[in-house]
Amino acid sequence: MDIKQLLLSIILTVSVVNGRGRRINIYGAENGKSDIVQLRGPAEQLVYSSPIRERRPIFRNALLSNSPLRWSKMQDLDGNYLIPYVISGNYDTVERDTIKTAMEKIANNTCIRLIPRTNQPDYAEINNKKGQGCYASIGRFPGKNVVMLESNDDQSCIQEDTVIHELFHVIGLWHEHMRADRDAFINVLYKNIEPAQYPQFEKLSSRDATTYSVPYDYNSVMHYDENAFAKPGKISMMTKDSKFQKVIGHPKDASSNDYKKVCAIYHCSKCMHQDFQQIVEQEHIELNNPIITNAPVQQGDSCTDRLGICPMLKSREMLNCKVMATFCCSSCSAPTSTTTTTSGTPSDGSLWQRIKSIFQ
């Protein structure tokens, strides 16, 4: 093989590995307002005038193991939880293989199995639309659950770690830096962040957050990088342990702690090819959760919303109370005339118009 053939071979190999387009930074402005559907709404969805929150949304590091948002309706004969999916986007063979590899890694390390959809009413739809970036909703909502993985000659979400990250959102994981204990591990530099982006750095109280006592993990595939949503030339986060400053947000794969939290959500019998109960006992993972019933939460003659997005959905006329009453009791019970509306109604071409079918 002469030098020209060798160089051509290297170029072709790199092209196949990198796929189409440049990598989309899921933690930057180029990816829209967030890679989580519930955080992609207008900034007024959560009201912030400072790093101190003015009202408390119900966000968690990981879903409770008895959350109604788990994919718990279907199991196979081995007790694995099934998430039906369809790939409706246009992807090439290499990209489809990358998506399938990400699914296989999750299956090999947890009790979650992503299976091709037949006629199941609740499912994940993996789609590819130019200009949409990478995003997914947290947990299972009725009907279609969008997993947007844009890929074209300009830019792409199809890297194994990014696909795993978005699938973990669907399964039930939020971002690592949102944990209640994050201040012991990182400093969020609010002076370097536009106020409209403060919701991306919401810290949860220990009463709200569920970490299952799994240690904070700089290597998590769910961790933001140091520049996430920062002003140009600035960083938004500084790690307390300096050797991890350039590590956060740059994983090549899910960490063992990521898999442990998924296993905790679904009470898997096996986790990373080990008996999960042994892992629980050895690492003191906490599986006990507050009881969540399937009925609306009643307080006297009133009831409360169990999802922080309920008021926003109602104000946008996107709240379908036939299917969401269990989660949005207060918003569904309140007269429409008393609902606080938000200025700046989205146009027909806005993101919320495009994704509102998720909630209907």
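Glycine residues also receive a Cβ, built from the backbone N, Cα and C atoms like all the rest.
Among C268, C271, C303, the cysteine that Swiss-Prot records as disulfide-bonded to C111 is C268.
Cα to Cα, C268 (disulfide bond) and N108 (N-linked glycosylation site) are separated by 12 Å. Candidate recorded positions: N108, C111, C134, C157. Nearest to H175 (Zn(2+) binding site) by Cα distance: C134. Under the DSSP three-state reduction, N108 (N-linked glycosylation site) is assigned to helix. Here the CA atom of C134 (disulfide bond) lies 11 Å from the CA atom of H169 (Zn(2+) binding site). In this structure the C-alpha atoms belonging to C111 (disulfide bond) and H165 (Zn(2+) binding site) are separated by 17 Å. Using a 10 Å radius centred on the Cβ of N108 (N-linked glycosylation site) and all shown protein chains, the other Cβ atoms total 11.
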